[in-house]
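Colleague: This is the structure, below, for whatever I ask next.
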Amino acid sequence: MLANPATKYVPFAPFARDFSERTWPSRRITQPPIWMSTDLRDGNQSLIEPMSVERKLRFFEQLVKIGFKEIEVGFPSASQTDFDFVRKLVDEKRIPDDVTIIVLTQSREDLISRTVEAAAGAKQAIVHLYNACAPAFRKVVFNMSKDEIKQIAISGTQWVKQYMAQHPETQWRYEYSPEVFSTTEPEFALEVSNAVADVWQPTPECKMVLNLPATIEATTPNLYADQIEWMHKNLARRDSIVLSVHPHNDRGTAVAAAEFAVMAGADRIEGCLFGSGERTGNVDLVTLALNLYTQGVHPGLDFSDIDEVRRCAEYCNQLPVHPRHPYAGDLVFTAFSGSHQDAIKKGFAQQKPDAVWEVPYLPIDPADLGRSYDAVIRVNSQSGKGGVSYLLEQEHGLVLPRRLQIEFSRAIQRVTDETGREVTADDVHTIFNREYLEQHSPWKLVRHRIDGDPAGGQGKQFSIQVELDYNGERRVVTGSGDGAISAFVAALGIPVRIMDYHEHAIGTGTDTRAASYVELRVGDSATGFGVGIDRDIVTASFQAVLSAVNRHLANGVTVTESETAQAA
């Protein structure tokens, strides 16, 4: 890179003075633009291996299913494959009556004739003619004057009218693009556009499409919006023109440029699904449409099965959609960060059906796009208690008390730090089982018998007889207390203090099980949790006590021989 890039690059300034008449910044988008997909033309021509007719047909059908009413289907004068594909659509009557196909051509008579021939017979079609108008193209590519460039556009428009007239069975419309509008002097772009409209003679009932492409994205999006608003206000036949934009993504701001352009007066947007197209791609129509959706404006396009749309695009383009791609990527609804997971978990818990969507970190409900919530929270070394507990609750119905969430997250953290990898929901459950439910040494519950009501009652004493396995040795102990758990602890004969207790049901009906969570202290040790799960709530609570005691002992808490002997 140069130490001083100003010696090689200069900023593009579309206006000699500041365009202070702008009004677009205060506007809002309250209805969708006309959408035109150019996946089968601009998207296709940018592929290493252009689509076969079979792949183009599959993509076309997907675009129709999504709801596109204008689809650019090819460049038939430049490719026999494109010509054959357009004819297949027309001859086999594959174009719905409410869909208009668009065919692109350069401004040469033989190419225009071939283009019209390709689309002739369709119920409705648009011929899209373009020629470059920017200074660099006039000087470097064509070595032509402004008048010569303008004449190319005028002549091309005249030829289009001539050849369309030979096929009255089709309802024809016309689209003109001053290519590289983004770096063309606004006054010259206006001059050429008005000259083309003078030849075409559009009316409010039969409008011409004037497309203003950011063929090369050369400025910040606000300057592109200024250019669009200036054209919008100065076109001679504005009421007879559909003002269209075609932003490319060279600077990475095509979506913003398109949104600003609509605010500035554009009626129509051309682009591709997932931003396919030359170089860095065209504007992404999926992102644009779903940005509108998240603002309460239905885009008129259906992405309720976003994964199907993505699979189709990946197959037809032979290119993957990035896992972080807005709305459609594998990871866009996934949180690894602990604080994010905690906020999402709380948001899901508070979100009411049919209420305004207010789940933190998720700008859209994944279910609206056909996504499940399974991958919303995933666990790695950056995760915290919220994500871990969410997975256990969603996948296994375990609702952990807050302090247990914190304690168990440390066990997960140890695993992720040691392995450096993500742990799945199944991994989390396996670690939970190992940490809490498989702690059977040295104490394991065999059976018990209680004299009294396990539900308890004020002032009521319970007697219990418990059979335990202590390191393979069977022992029978007895105890009493004012509740089942206190009687069980008394029978153990170990200095245990119950600090907290939680329980809940897992499942419903005949498959219901009880989950018990006990926080206790052995002697003067720190507190720790144990967990028990059983069809019987009392059995589950006893298992939870033994789970906690065994975990304490495994972590180095000692119990004297006399204390252990009391349980003999």
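Glycine is no exception: its Cβ is also placed from the backbone N, Cα and C atoms.
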Colleague: Can you match one of ASN4, ASN282, ASN291 to the Mg(2+) site that Swiss-Prot gives for ASP42, HIS246, HIS248?
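Modeller: Swiss-Prot lists ASP42, HIS246, HIS248 binding Mg(2+), and from ASN4, ASN282, ASN291 it also lists ASN282.
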Colleague: Taking the mean position of the Cβ atoms of ASP42, HIS246, HIS248, ASN282 as the Mg(2+) site, which residues outside that list, in the same chain, have a Cβ no more than 8 Å away, listed in sequence order?
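Modeller: Once ASP42, HIS246, HIS248, ASN282 are set aside, the remaining close residues are THR38, PRO213, ALA214, THR215, PRO247, ALA254, GLU270, GLY271, CYS272, GLY277, GLU278, GLY281, VAL283.
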Colleague: Could you list the residues of the same chain, at least six apart in sequence, whose Cβ is under 8 A from the Cβ of HIS246 (Mg(2+) binding site)?
Modeller: THR38, SER177, ASN211, LEU212, PRO213, ALA214, THR215, ILE269, GLU270, GLY271, ASN282, VAL283
Colleague: Run through the region 'Regulatory domain' (439-568) and tell me, per DSSP, how many residues are helix, strand and coil.
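Modeller: Tallied per class, the region 'Regulatory domain' (439-568) gives 35 helix, 55 strand, 40 coil.
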Colleague: What residues, ordered by sequence, lie under 8 A Cβ-to-Cβ from HIS248 (Mg(2+) binding site) and sit at least six positions away in the same chain?
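Modeller: Expected: PRO213, ALA214, THR215, ILE216, GLU217, ALA254, GLY277, GLU278, ARG279, THR280, GLY281, ASN282, VAL283.
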